[in-house]
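TrEMBL annotations:
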DOMAIN    82-297  domain 'Alpha/beta hydrolase fold-3'
ACT_SITE  S170  active site
Amino acid sequence: MDSDQELAYDYSPRFRIYKNGQIQRLVAETFVPPSPTPQNGVVSKDAVYSPEKNLSLRIYLPHQTLETSEENNKKKKKLPLLVYFHGGAFIMETAFSPAYNTFLTSTVSAAGCIAFSVDYRRSPEHPIPIPYEDSWDAVKWIFTHVAGSGPEDWVNDHADFRRVFVAGDSAGANIAHHMAIRAGEENGSIKISGLTLFHPFFFSRAILEEQEDGVRRYMKGIWEIASQNSEKGVEDPWINVVGSDLSGLECGRVLVMVAGKDVLAREGRVYAEKLEECGWGGRVEVVETEGEDHVFHIRNPDSDNARLLVQRFAEFIRQVCCDDNVRK
């Protein structure tokens, strides 16, 4: 066998990486089309946010909001705006997969918001920091609608840029955190009300040393695949988030979701502790789902705990919006 065709990483049954850099994704990637017909009371459409890179996002909107606006153009209801980043270790999944289409539809139905599910280029073909750069391009594209004159009418008509939420699961939670940090560096041009991290993909050498050999090799290998150009390995600030300065986070409220059986749960809790200690000045809450593992709500969306998690997320959005209205 040609040495280039030899395996470098074998993460069966999910994917294999060969020494020539090629990836074989072993899980079928199904594209779910957007739905102009209501699904759970929600309609959706796709929009290109980066023509140069051929990158799109999916917009979800409660159908009742759209119907009401069509009946009376003078009353276009403004809704909280959610920007969501999918997980998959920077390597798997897309914004248009069945799992994320189901999750975003459920979330929009429960929270009554307009949501954007962002697709970004993945590793190893596009290593870190490319997924972050793509995600920031998506955020900037969404904010081109802030004056009501952007390219998408749904966003112009229904997105309330005074109530912006950023969220994601696993690697997507990692991206969501870095988007909130980046927003804090933009001198107020992008305002975020709340950040929700589902089972965030944060770790460092310290957490890896606590794990069994198999888990340690698995996690270290995943990061090596995702960040081929990193010189700091697992101490890279992209992944060692809790070792970084968190004080510049651009939002006033953070909700961290962790799962009791998830090896990454410790870092989620430590992240919340660091936020409270760093002088950030906002409010952070940790919600733990006992007896569940990493991203259980994506893998098993019909479980009771998954439904409770969606409801808790929706409550967070409503509560932050309510608090903001009181302050105004």
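Using N, Cα and C of the backbone, Cβ positions are placed for all residues, glycine too.
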Note: in the chain of the residue listed as 'active site', residues six or more apart in sequence with C-beta under 8 angstroms of its C-beta are G87, G88, A89, F198, H199, P200, F201, H294, V295
If you average the pLDDT over the domain 'Alpha/beta hydrolase fold-3' (82-297), what number do you get?
95
